[in-house]
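Participant: In case it's useful when we look at the structure, here is the feature table from Swiss-Prot:
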SIGNAL    1-18  signal peptide
CARBOHYD  N78  N-linked glycosylation site
CARBOHYD  N91  N-linked glycosylation site
CARBOHYD  N111  N-linked glycosylation site
CARBOHYD  N143  N-linked glycosylation site
CARBOHYD  N155  N-linked glycosylation site
CARBOHYD  N207  N-linked glycosylation site
TRANSMEM  213-233  transmembrane segment
TOPO_DOM  234-288  topological domain 'Cytoplasmic'
TRANSMEM  289-309  transmembrane segment
TRANSMEM  325-345  transmembrane segment
TOPO_DOM  346-371  topological domain 'Cytoplasmic'
TRANSMEM  372-392  transmembrane segment
BINDING   H380, H450  heme 2 binding site
TRANSMEM  404-424  transmembrane segment
TOPO_DOM  425-430  topological domain 'Cytoplasmic'
TRANSMEM  431-451  transmembrane segment
BINDING   G575, P576, Y577, G578, C726, G727  NADP(+) binding site
CARBOHYD  N615  N-linked glycosylation site
CARBOHYD  N744  N-linked glycosylation site
Amino acid sequence: MKIQQLIVFLFAVVLIDARTPKRYSELDIVMSTCTTFIGKYGTVCTSTGKRSTNWNCYCKTDAGFGTISDCLVRGFNNNTNIISKFTESCNMTESKFHAKYDKIQAEFKTNGTEYAKMTTKSSSGSKTSASASKSSKSTGSSNASKSSTNAHGSNSSTSSTSSSSSKSGKGNSGTSTTETITTPLLIDYKKFTPYKDAYQMSNNNFNLSINYGSGLLGYWAGILAIAIFANMIKKMFPSLTNYLSGSISNLFRKHLFLPATFRKKKAQEFSIGVYGFFDGLIPTRLETIIVVIFVVLTGLFSALHIHHVKDNPQYATKNAELGHLIADRTGILGTFLIPLLILFGGRNNFLQWLTGWDFATFIMYHRWISRVDVLLIIVHAITFSVSDKATGKYNTRMKRDFMIWGTVSTICGGFILFQAMLFFRRKCYEVFFLIHIVLVVFFVVGGYYHLESQGYGDFMWAAIAVWAFDRVVRLGRIFFFGARKATVSIKGDDTLKIEVPKPKYWKSVAGGHAFIHFLKPTLFLQSHPFTFTTTESNDKIVLYAKIKNGITSNIAKYLSPLPGNTATIRVLVEGPYGEPSSAGRNCKNVVFVAGGNGIPGIYSECVDLAKKSKNQSIKLIWIIRHWKSLSWFTEELEYLKKTNVQSTIYVTQPQDCSGLECFEHDVSFEKKSDEKDSVESSQYSLISNIKQGLSHVEFIEGRPDISTQVEQEVKQADGAIGFVTCGHPAMVDELRFAVTQNLNVSKHRVEYHEQLQTWA
């Protein structure tokens, strides 16, 4: 499946790069400034379209060239770089430009207004145009100036055509003529500076927005590149990491790479407020730093190089000006992030294989990028509304289709931000998931129709492509696996056991997981991830699921009244996903620690390593509450006899012997006594028989001291040691903390690998 994943990734990259957004060159900004300023006084060259320049007119006609060249020379202080770029666009030499310009200036000085229209502005703000009688003079006149082309910058700065041209308001304060002027229009450029500053700010803001958007993608590309490099090194040279066990390495690992952000809680949610409404998950310290830097960069990039231009002719108020600039910036930044957040949220993400990150890590980053992106879009919508209100364009603009779709996308994004809170995901994941998909569809479609006319539609196509390919690959996995008849039963009162015949080509991944669709009328649209093991004959996968709310509860209710609490249900399987931890490759000693229903994935990885290993020390520790929990994992525990795995099971509530009747039908644990014992003695007898049947397993009653256990294991290790865990979040966090506190106990490297997939 890695080929399909690579196609998804590369196709997205190609789409993003297919048509980059419009960037404004220095000449674009100059021409935009000049043509707008000239347009206040008259029409010299007609427009050929939005944000386009009538090059034919400005390069080849006397009126167009004479007017625009005067703006370049006097308005932009004869900037040689600008003039050079203009001449390239007009396919002329710089010497020809200067000669032609000097000729026009000489004609004007010699013949006054017979050659050019001279614009002035009265004190009342109305514009007057002094025009000479139609003369036969032309640019080819023999009276053209023969002066040096390098002198006209200073010569024309005090041209007699200059007028007082004071600006009495924002925008087009004069009333421009509608007819096209056929002779050069020479204008006073004393009040030109606000135009230069304003158009430099507004047009360059688009360029900076694209640069900063690329910078945000570059930031994540850098993070991914580091992760890919580290992962490739670990895979190609697995023993190399064992040398990274010195004080400096351990210092970074103890305080940066391994620990939770705040003391212990990483897998456990933190609580704010009442009823768990503001509960959330905090990633590791390193992941938090990565996210914080991203958030800070986004905030900086949203505001850098945005400021108020005094006497800005484009906007009537400061609020309108700054609102428009911030809206453009945040909108473009948000657009750049959309394909990335879709990619990070997909199950068939090729980057998982390259980086070695698990799905939970990508989902965590997906959520944070999504939060930042939606906030950018909300700021974009608010600031544009403020700007449009200030300029009086709001009501008209909101009737346009692209604005309606933009509003739809923004509203859906806001609902996604609210609806994706941990509170809703945990309370009813199925409802959350269905609503989430619907909202995302409208968010992306609305975003496309909003952005397509602005030149940014390709970003949405990239997002759609990533999403669509992910769905196609997922459907392909399901199709080739087929609809299989699974045997589903309730074990130990709180666990579902799902046995699914698998195709021969389907390779089980140690420590992996698969998504299951139950083909029941109200359940088939839902899919849930479960870790699995395989039978000894390798013809089935066996999945275990703790009965909670939602789909597992519905299945349990369906099975409860049936004989043996068992039924055959057709299922669709999507997978496998995940991979074993690197502890088996890197460490001479591996300790697998599972809690409750976290055992299947840990067990499969442990047994897989035992089959391949010859001289590694492998230990399996399983922490359960009650004896009855053993009932649904009996076959797997018995198989451990054939391996070199040292197994220990902690029973934290051994006095609770309820549910042991499920062992009575197991031949391995039949009572050895013929006495008619009391219920209590029968239970203890059965427990004794369980221990005898699993004599290769050490049973310890009580809760383990994880910190002490880790310290002992590290001290006893004769080489690098790795801890691999999955189970209750509190236990997992406790083990993580214990490992970070014992990195320096031994001279050997100590590793920690977490297989708990927390994404709901």
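Glycine is treated like the rest: Cβ placed from N, Cα and C.
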Participant: If you average pLDDT over the topological domain 'Cytoplasmic' (346-371), what do you get?
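Facilitator: Mean pLDDT across the topological domain 'Cytoplasmic' (346-371) comes out at 92.
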Participant: Counting CB pairs under 8 Å, which listed stretch among 213-233, 372-392, 404-424 touches the transmembrane segment (325-345) the most?
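Facilitator: Comparing 213-233, 372-392, 404-424 against the transmembrane segment (325-345), the winner is 372-392.
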Participant: Are there residues of the same chain, six or more positions away from P576 (NADP(+) binding site), whose CB falls under 8 angstroms from its CB, and which are they?
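Facilitator: Same-chain residues close to P576 (NADP(+) binding site) (Cβ under 8 Å, separated by 6 or more) are W506, K507, S508, V509, G512, H513, A514, F532.
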Participant: Who are the long-range neighbours of the topological domain 'Cytoplasmic' (425-430) in its own chain, taking Cβ under 8 Å and residues 6 or more past its ends?
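Facilitator: Here the qualifying positions are 276, 279, 526, 549-551, 760.
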Participant: Residues sitting near the topological domain 'Cytoplasmic' (346-371): Cβ under 8 Å, six or more positions beyond its termini, same chain?
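Facilitator: Residues packing against the topological domain 'Cytoplasmic' (346-371) from afar: 1-2, 4-6, 8-9, 224, 227-228, 230-232, 234-235, 281, 283, 287, 290-291, 294-295, 337, 340, 416-417, 420, 466-467, 469-470, 473-474, 515, 574, 577-579, 582, 755-759.
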Participant: Within 10 Å of its Cβ, which one of these glycosylation sites (N615, N744) has the largest number of other Cβ atoms?
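Facilitator: Counting Cβ neighbours within 10 Å, the top one is N744.
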Participant: Taking Cα atoms as reference points, which of the recorded positions N78, N91, H380, H450, N615 is nearest to C726 (NADP(+) binding site)?
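Facilitator: Considering only the listed recorded positions, the nearest one is N615.
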Participant: Work out how many Å separate H380 (heme 2 binding site) and N744 (N-linked glycosylation site) at their Cα atoms, rounded off.
Facilitator: 50
Participant: Pull the DSSP breakdown for the topological domain 'Cytoplasmic' (425-430) and write it out as helix, strand, coil residue counts.
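Facilitator: Counts, helix then strand then coil: 5 helix, 0 strand, 1 coil.
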Participant: What whole-number Å value do you get for the CA-CA distance of G578 (NADP(+) binding site) and N207 (N-linked glycosylation site)?
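Facilitator: That comes out at 41 Å between the alpha carbons.
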Participant: Counting distance between Cα atoms, which of the recorded positions N91, G727, N744 is nearest N615 (N-linked glycosylation site)?
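Facilitator: Given the candidates N91, G727, N744, the nearest one is N744.
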Participant: How many whole Å apart are the CA atoms of G575 (NADP(+) binding site) and N207 (N-linked glycosylation site)?
Facilitator: 43
Participant: List the Cα distance (Å, whole number) between N207 (N-linked glycosylation site) and N78 (N-linked glycosylation site).
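Facilitator: About 24 Å separate the Cα atoms of these two residues.
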Participant: With every protein chain in view, how many other Cβ atoms are within 10 Å of the Cβ of H450 (heme 2 binding site)?
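Facilitator: Looking across every protein chain shown, the total is 25.
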Participant: If you draw a 10 Å sphere around the Cβ of C726 (NADP(+) binding site), how many other Cβ atoms fall inside it, taking every protein chain shown into account?
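Facilitator: Excluding its own Cβ, C726 (NADP(+) binding site) sees 27 Cβ atoms within 10 Å.
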Participant: Judged by the number of other CB atoms within 10 angstroms, which among N78, N91, N207 is the least packed of the glycosylation sites?
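Facilitator: Fewest other Cβ atoms within 10 Å, among the glycosylation sites N78, N91, N207, is found for N91.
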Participant: Counting each residue once, how many in the topological domain 'Cytoplasmic' (346-371) are helix, strand and coil under DSSP?
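Facilitator: Output for the topological domain 'Cytoplasmic' (346-371) reads 19 helix, 0 strand, 7 coil.
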